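See structure below.
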């Protein structure tokens, strides 16, 4: 018997959304409208997270998220879709990535950019409804103006401390817009934000959930109960009320009878998100520096005097978090109200003495100095403001919280702890000449990052002459400094994440901004596959050879993480074609669209299209007919098939935590802070923290001679994930990178720019950051359930595979002496005892089920137990 329905919903949608479809006011018609709707969410923070979550799970057809910010640790208490592992990633991209796994039927599009008059109309015109989840008034005015001019309903929410507000603007003939209700822009100084006033996580959760509900009603074609009304929530008093707003204002600048804002094109009339609001802090300069004292100078006074008078003007709740022991807490508002007599009673006899004042940002303390000088004009009291360089007050707070060392960084930004931690000479690096340019542009966040070979090439001398202003004034440098000013010091892990992976301004996003000239001979680095085709050929031989010994005869998938330009996989495919291997499919993990296109050009004969709604984002075939799939994450790669994993120079760019043991035998974490000149510097935590307690294994703690240690949690997660895959469905893996077998005893973070080693705290986002891979530690994480071979020197691995024979064959085929010498030079770089040959290591992983076979063979090829004599392996 056939069935029919008076709607267009597929049966799977009816089943998925059945609980909301049976709500009589909503019904199947509401669900149909919802599936056709497109909503743009402005802001992926505390409000944006619940709004995006409920829109995606309820079946809205298309959801866009616009936000240029990255995730910070102090976001997570209210932005519940993010985790500790998300810190440093793009909010928009991470939110969409998480929700795609919740409902693959909703199309989620991240827009990693700041909303400006130049792009606002272009973004908003693609959507039916806009959700304002922003945190500054200038963005609210801009979104409102464009929504009115393009006739888009605007659902606007806000939350601060215990309270929240919600309304629907521009949704009907008489419905007011934001400018009707708030015609005059507030000054930046009058705006309180989450950074200053704080906010409770459940408050934004309540407001965001209500905001999503109003959007659903509008999108479903229902009447919004908050059109023309404002819903006000008081979480402290557990009280809710609804206020009726006045109707559309005839004098409104954008929706009135004679509007002055009449176009969506960029103009001076459209609101601009200014730094005063976006950075959330207006610096005050009431006193010249000659009338202020630096924190370094004050610390010296503290050491020489036990009777300093210090007034801390922060609110009492902030003062309770952490303070200097000599400080007296008189909040700024109270200090202004107190009479001279009341202050004398509090301070005691201060005649002829110096009284210092400090606050969180250095603004209120300056105002307080001016106020006190006016009240004490007749007394010989010297009121002095403490210049609060970013991070100083944080060092007083963390005695009770983070535990950061309160000692001041040295004036010389290259001296003291900074140099002591990171000035050691790194292992010598190969000097490359370019044969193919490298297009490894974008950090594959977490388990999706492609590593690269860094080299100290002939351009080393030119790097020393680069303009210092470029190093100190990058966009990302300013962002990180401002972040530290507001939130305090950051870990090396967070610093690396921002420098490498920040959208638009991170190191691996440079390709889209500057072009491929930043890579290869004219850039900072070049990878081994680009250096010499023999490297990829040896990897291909290893894969095919090991596949035969496993006994697997069916279909299998070859997975590469961080495929760069696709050159390594192209060389591997060439070998598999030679062996007529036709049961393999290629799976590449890549987040950068531009890199995917580059890989496709390398591997395939013609272009394809990006795909939405499937685990893979692009599909094509190699020139020989092998299927190629691209994915955003390792998680999306099919996990139910025999898989061979390749990760060449993949792990070195993953962020690390760094630690040092103090004189008392306790571990401190290395942080990035600002020195007295406002420049980035390294510092140590005063006490142990969650990272020192949770990331340092007992074996390291027990080795008393070990003073420094570093770890990459993401690398550990990656090898665990690979181990799980190959153990459950068969396969094996090879990892090649520069590193050590748990033998390095010091810290390895370093930077490269124009092929020269540079200061890792300069040129944020414009130089390559890298750290050695601790293969020994990674091996210890998985050897309980896998069979692990290595790490062995790269030259040993390649020699056992027969790279020397391959070299001789290729040399014989080349026609000119120059071509022969170039190939031999590349070979020597790969095999050099002083460079890549020994600095790079190879490690292989197999499931325990293959242990007996491997032992009978004496180990896999490349990892045989008897080493060859390689002293003569390099060729002159």
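Glycine is treated like the rest: Cβ placed from N, Cα and C.
Residues or ranges marked as active site, glycyl thioester intermediate in TrEMBL: 194.
Per TrEMBL, active site, cysteine persulfide intermediate is recorded for 359. Annotation note: residue 359 (active site, cysteine persulfide intermediate) sits in a coil segment as assigned by DSSP.
Per TrEMBL, ATP binding site is recorded for 46, 67, 91, 135, 136.
The Zn(2+) binding site annotation in TrEMBL covers 177, 180, 252, 255. Taking a C-beta cut-off of under 8 angstroms and a sequence separation of 6 or more, residue 180 (Zn(2+) binding site) has the following same-chain neighbours: 245, 246, 248, 249, 252, 255. Secondary structure at residue 180 (Zn(2+) binding site), taken from DSSP and collapsed to helix, strand or coil, is helix.
According to TrEMBL, the feature domain 'Rhodanese' maps to 304-375.
What TrEMBL records for 408-434 is region 'Disordered'.
Within 8 Å of the Cβ centroid of the ATP site, not counting the listed residues 46, 67, 91, 135, 136, the chain contributes 43, 44, 45, 47, 48, 69, 133, 134. Its own atom aside, the Cβ of residue 135 (ATP binding site) has 23 Cβ atoms within 10 angstroms in the protein chains shown. Taken through DSSP, the domain 'Rhodanese' (304-375) splits into 33 helix, 12 strand, 27 coil. Long-range Cβ contacts of residue 91 (ATP binding site) within its own chain (separation 6+, distance under 8 Å): 44, 45, 48, 65, 67, 69, 70, 71, 75, 79, 82. In this structure, the CA atom of residue 359 (active site, cysteine persulfide intermediate) is 24 Å away from the CA atom of residue 135 (ATP binding site). Rounded to a whole number, the distance between the Cα atoms of residue 177 (Zn(2+) binding site) and residue 136 (ATP binding site) is 17 Å. Same-chain neighbours of the Zn(2+) site beyond 177, 180, 252, 255, judged by a C-beta within 8 angstroms of the site's C-beta center, are, in sequence order, 144, 148, 169, 170, 176, 178, 179, 248, 249, 253, 254, 256. A 10 Å cutoff on Cβ-Cβ distances gives residue 136 (ATP binding site) a total of 19 other Cβ atoms nearby, all chains included. Rounded to a whole number, the C-alpha distance linking residue 177 (Zn(2+) binding site) with residue 135 (ATP binding site) is 18 angstrom.
Confidence in the domain 'Rhodanese' (304-375), given as mean pLDDT, stands at 81.
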